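Peer 1: Following this message is one structure expressed as structure tokens.
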Amino acid sequence: MSLTPQVYWAQRHHELYIRVELSDVQNPDISITDNVLHFKALGHGAKGVNTYEFSLEFLEPVKVKVVQRSTQRHVNLTVKKTESRWWPRLIKQERKPLFLAPDFDRWLDESDAEMELREKEEERISKIRTESRIREDPFLYVKRGYLFMYNLVQFLGFSWIFVNMTVRLFILGKDSFYDTFHTMSDMMYFCQTLAVLEIINPLIGLVKTGVVPALIQVLGRNFILFIVLGQLDEMQSKGAVFFVFYLWSTIEIFRYPFYMLACIDVHWKLLTWIRYTIWIPLYPLGALSEAVCIILSMPIFTETGKFSLQLPSPLNVNISFAVFLSIYLVLLFLGLAINFRHLHKQRRRRLGSRKRKMH
């Protein structure tokens, strides 16, 4: 009597997968005749090294070509269906032979297989759209080069601030808090002035991010830097400045490399996770440190009368700039809520989809 190997099978709409449990196969004889798969080979199976064979008459017509791939542990066969459709079973015989079983490593039910087909089709369409968009935009690489250089310069600038502040903190301890502005302000002025491009870029269509979140962040930071800190000598020696600068630079040394690598279609999973997670603790802390700076500056603006608004006669009322700062405090936390919502949506879109696919 001939020996029969254990055979496992699975399917997709357009093809069949058959796995024969034989190791160290030699001289396999595999063919399809009259819609029947014939297999015969010398190999190591359940009964040791012997010649094993079997035949399967398929339920519906298949193409005669068999794609075979042998490994040390088994033989994989792929057979194309003549018509792309889902079969209720593999073979014509209703009663399944004992040696045939589902291949649960590759098994999908019909709905899962249809979902897989849709995903592949969507991926194909997306690829076609991307390629056509690349062909249609002759300035694509110029735009990418500009965005890459912008993000690189910002990354280097904020990295310089972060590294210098960290080194000074280790060497000087708390004393480094009080001269942060005098040692770091020039580079921070440069980086935050350059950051105005983050408002312009989405306005002219270079990037597809929203204008409002960028507007809130850039104008908010520049208001703190150029008005609250830059115009009051008394504020420049406050310890709160250290925390503002340190939190800003910590966020940016992860954000800018992420966008820089995205310009050249490089996606690093760890960096992506950090970029869409680190803002959760750092953004509220940054807003809190900015609020502390504003509160500390209020009595100074009141005392010096700087930027006060003198209403004309007959009102003759002097409105201190501290009043505007009080209103700005409310807007600061309102802007934080808007940006928090925006970043949460981005995080869910970038990281949430991966989690769903894993389940």
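Cβ atoms are placed via backbone N, Cα and C, with glycine included.
Nobody curates TrEMBL annotations by hand; they come from automatic prediction.
Reproduced below are the annotations present in TrEMBL:
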DOMAIN    2-91  domain 'CS'
TRANSMEM  145-167  transmembrane segment
TRANSMEM  187-207  transmembrane segment
TRANSMEM  244-264  transmembrane segment
TRANSMEM  276-301  transmembrane segment
TRANSMEM  321-340  transmembrane segment
Peer 1: Which of 187-207, 244-264, 321-340 has the most Cβ pairs closer than 8 Å to the transmembrane segment (276-301)?
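Peer 2: Maximum Cβ contact count belongs to 321-340.
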Peer 1: Determine how many residues of the domain 'CS' (2-91) DSSP places in helix, in strand and in coil.
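Peer 2: Secondary-structure composition of the domain 'CS' (2-91): 0 helix, 61 strand, 29 coil.
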